[in-house]
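Taking it in order: structure first as structure tokens, then the write-up.
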Amino acid sequence: MSDTEKTSVEEREKKRSLPTDDSDDHDSDSEDRRHKRAAVNDSNSSSPQRPQHRRRNSDDASRAKAEGADGDIPPTTALRSIVSTKDAGVIIGKSGKNVSEIREQSGAKVTISEMIPGAYERILTVSGPLDTVAKAYSLVAQKVIAEHIEPDAAPETESTAIRLLVAHHRMGSVIGKLGSKIKEIQEASGARLVASEEILPASTERTITITGVPDAIHIAVYHVGVVLQEHSERDRNASVIPYRPMGRSAFQGPPAGGMGGYPPHHGSSSHHHHQQPYYGGYPSHGGMGYGQDYMPPSSSRGGSGGHGGYGSSGGAAGGAGGMSGGPGS
């Protein structure tokens, strides 16, 4: 083959090889682009880490916020109290109006037990974060006071009583050593607190009666709840039998104090001399009011001294039975 022919053949080979080179270049470019696209999600690449980092921060922030919200949610507290059937009707209100308002304004769950034939009491249960429970009880006090006062009077300035149920094994925490805790609560709230000595029938519960204006009741209930929360470990090995209202025999009649639960308003003391034990906020004998079977000796009744109230040996006149030296003494 001549040199000219060899040159022509080489040129043709070069021309045929050009498309192959272009194809290789195209494939190479495609591979480069594929690698570049893949690098967007590559954890080794610095540029894509920014959106991922933002997402992680957002997730962490949301998680932290949720955890923080959970951490900020206080424990639920349930405080039960004894109310008369009459006052239970007031608390409920017409078509449930009053209890709905109490729930809405306090944020607590408020329930009242079913009426038991022959019983003059029902159980009011308020549950939720402690501040809402305390608020609900102050609203309950306002509703009850408003039912008994003149229309133009202010419920906020009148006194009434809340009879909280406290397990017997926990009452010592509320009273404190030598009455120090109950006195502290009285001084902080301006309310009078009376802890009964007797355990309620067929139960392991006692009562602590809180008497004062609605704001004082609000503060006192809150402090009692704080004490119960702080000493909740005492419930671990304790068996609590909750108090349930019981029907009374027909001859026994209603307890003194106008169906119980709350003391007479405007300082009336005539009920202290009824046959049945005083059933309101300043019980001279523990505020039992459970009929003749639970009536204290007659010597402990009347306007002086106190049988059931804590510190009754030094109680205020009128059978308050509360600790002397506290607010309202």
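Backbone N, Cα and C atoms are what each Cβ position is placed from, and that goes for glycine too.
As recorded in TrEMBL:
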type: REGION; residues: 1-78; note: region 'Disordered'
type: COMPBIAS; residues: 1-19; note: compositional bias 'Basic and acidic residues'
type: COMPBIAS; residues: 21-30; note: compositional bias 'Acidic residues'
type: COMPBIAS; residues: 57-68; note: compositional bias 'Basic and acidic residues'
type: DOMAIN; residues: 75-145; note: domain 'K Homology'
type: DOMAIN; residues: 158-229; note: domain 'K Homology'
type: REGION; residues: 244-329; note: region 'Disordered'
type: COMPBIAS; residues: 302-329; note: compositional bias 'Gly residues'
Discussion item. Need one number: mean pLDDT over the domain 'K Homology' (75-145).
Written reply: 97
Discussion item. Across the domain 'K Homology' (75-145), what are the DSSP residue counts per state (helix, strand, coil)?
Written reply: 37 helix, 22 strand, 12 coil
Item to complete: Would you mind splitting the domain 'K Homology' (158-229) into helix, strand and coil residue counts from DSSP?
Response: 37 helix, 20 strand, 15 coil
